[in-house]
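Engineer: Taken from TrEMBL, the feature domain 'ATP-grasp fold succinyl-CoA synthetase-type' covers 3-208. Taken from TrEMBL, the feature GTP binding site covers Gln19, Gly52, Arg53, Gly54, Leu108. Residues or ranges marked as site 'Important for substrate specificity' in TrEMBL: Glu41, Asp109. For Asn205, Asp219, the entry in TrEMBL reads Mg(2+) binding site. The domain 'ATP-citrate synthase/succinyl-CoA ligase C-terminal' annotation in TrEMBL covers 269-388. The substrate binding site annotation in TrEMBL covers Asn270, Gly327, Ile328, Val329.
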Amino acid sequence: FVSEYQSKKLMQESGVTVQRFYVADNAPDALQAAKRLGAKEIVLKAQILAGGRGKGVFDSGLKGGVHLTKDPSVVGELAKKMLGYSLTTKQTPKEGVKVKTVMVAEALDITRETYFAILMDRACNGPVMVGSPQGGMDIEEVADKTPELIFKEVIDIFEGVRDDQALRMAANLGFKGPLERQAADQIKRLYDLFLKVDATQVEVNPLGETPEGQVVCFDAKINFDDNAEFRQKAVFAMDDMSESDPTEMEAAKWDLKYIGLDGNIACFVNGAGLAMATCDIIDLHGGKPANFLDLGGGVKEKQVYEAFKLLTADPKVEAILVNIFGGIVNCAIIANGITKACRELELKVPLVVRLEGTNVQEAKRILSESGLPIVAANDLEDAAKKAVAAIAKK
């Protein structure tokens, strides 16, 4: 994930029109930036990876992570109450997120707000432009209430965005006269950025029109293709890991997809779809999953061990459910990893294992001869019931 100022910087480098801005990590620099801007009005924004900043609250007592002012001299004082303090919004953890940088930008009036995005669409096997003249609000709401105001253009990956497509989208967004050509130009530049950074989505909300007759990208969200990290080193270096969950970061080191949840039954699964189904079936039988953990395909014994280490380190975990459907995955590798982890980590919680697929008989033999207190399950439903029952017995 990248911050708002980083998105703006990437857009700027592709010739996309954004507000003039500076970034500061201390109050004196924020004050200098405000004076240097020489703008009629200034907007000061806390830079964290969470939405709802405007309505957030700082533990310094300051209300709001976004402040507008016409007086540059107050920016330093405001920044002092933001930097080094935690901001809590509807999207942050309860304790909030510490603010390390602020963005000082020129505030521009917006006469009209539109929505524009470029994203990968599986149905079209490539990128699609999506736009609406109803910007500045939740696009799902627009799609639900006024679907006729959502416009799509399929982009030919070999041709790119054609002039007639860009102009048609600009017209559909409601840009008129010379602004239509200006908006079409911004659309083409945004597509250049989409390609250049290996994005899976570039969402601009709002793509606005100013009273001075300028088309400006006011806020953007950019998602990047993880598979492109090898050739997008500069982009991936922008990722501020300090806001990430430490367990998720540790899991990523071992190519494990981990998301912490608030239940007490840890899930250890191969494949994202199966992992979601496992969480659902635990829930169905009255339990609560403690996490989502996807081992992926080419799993090694070491990854199994590290996954167990992560799961057992969570104090909330009262039982572990292993659900492996081995196609690419060799069940015997999983079984060896499980027995090694159980012995070395001295597992203290009940362990329920369901294995199916490649080399499953050998895997079951390894587990049964291990002498470890492992509960075998016949299928996913049986596994979920046994995991829930194991906690009830405690």
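Including glycine, each Cβ sits where the backbone N, Cα and C put it.
Curation does not apply to TrEMBL; its annotations are automatic.
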Engineer: In the predicted model, what is the mean pLDDT computed over the domain 'ATP-citrate synthase/succinyl-CoA ligase C-terminal' (269-388)?
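Structural biologist: Here the predicted model's pLDDT, averaged over the domain 'ATP-citrate synthase/succinyl-CoA ligase C-terminal' (269-388), is 89.
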Engineer: Far apart in sequence but close in space: which same-chain residues, 6 or more away, have a Cβ under 8 Å from Asn205 (Mg(2+) binding site)?
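Structural biologist: Correct list: Glu113, Tyr115, Phe116, Ala117, Gly135, Gly136, Ile139, Asp219, Ala220, Lys221.
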Engineer: Taking the Cα atoms as reference points, how far is Gln19 (GTP binding site) from Val329 (substrate binding site) in Å?
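Structural biologist: Distance (Cα to Cα, whole Å): 50 Å.
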Engineer: Find the one among the recorded positions Glu41, Arg53, Gly54, Asp109 whose C-alpha lies closest to that of Ile328 (substrate binding site).
Structural biologist: Arg53
Engineer: Just to be sure I understand, if DSSP states are collapsed into helix, strand and coil, how many residues of the domain 'ATP-citrate synthase/succinyl-CoA ligase C-terminal' (269-388) fall in each?
Structural biologist: 57 helix, 24 strand, 39 coil
Engineer: So what sits near Asp109 (site 'Important for substrate specificity') in its own chain, CB-to-CB under 8 Å and at least six residues off in sequence?
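Structural biologist: Non-local contacts for Asp109 (site 'Important for substrate specificity'): Thr210, Pro211.
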Engineer: Looking only at C-alpha atoms, tell me how far Gly327 (substrate binding site) is from Glu41 (site 'Important for substrate specificity'), rounded to the nearest Å.
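Structural biologist: With the alpha carbons as reference points, the distance is 60 Å.
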Engineer: Hey, what's the widest CA-to-CA gap across Gln19, Gly52, Arg53, Gly54, Leu108, the GTP contacts in the record, in Å?
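Structural biologist: Farthest-apart Cα atoms in Gln19, Gly52, Arg53, Gly54, Leu108 are separated by 20 Å.
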Engineer: When the Cα of Glu41 (site 'Important for substrate specificity') is compared with the Cα of each of the binding-site residues Gly52, Leu108, Val329, which one is closest?
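Structural biologist: Nearest in space to Glu41 (site 'Important for substrate specificity'), counting only the binding-site residues, is Leu108.
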Engineer: Out of Glu41, Asp219, which has the highest number of nearby Cβ atoms, where nearby means within 10 Å of its Cβ, if these are the recorded positions?
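Structural biologist: Neighbour-count leader: Asp219.
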Engineer: Near Gly54 (GTP binding site), which residues of its own chain have a C-beta under 8 A away, given they sit six or more steps off in sequence?
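Structural biologist: For Gly54 (GTP binding site), the qualifying residues are Gly64, Gly65, Val66.
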Engineer: Among the binding-site residues Gln19, Asn270, whose Cβ has the fewest other Cβ atoms within 10 Å?
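Structural biologist: So among Gln19, Asn270, the binding-site residues given, the one with the fewest Cβ atoms within 10 Å is Gln19.
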Engineer: Using CB atoms and a 10 A radius, I'd like the single residue among the binding-site residues Leu108, Ile328 with the highest neighbour count.
Structural biologist: Leu108
Engineer: Taking the Cβ of Gly52 (GTP binding site) as reference, which residues of that chain separated by at least 6 in sequence fall under 8 Å from it?
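Structural biologist: Sequence-distant Cβ neighbours: Thr89, Lys90, Gln91.
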Engineer: Roughly how many angstrom lie between the C-alpha atoms of Asn270 (substrate binding site) and Arg53 (GTP binding site)?
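Structural biologist: Cα-Cα distance, Asn270 (substrate binding site) to Arg53 (GTP binding site): 36 Å.
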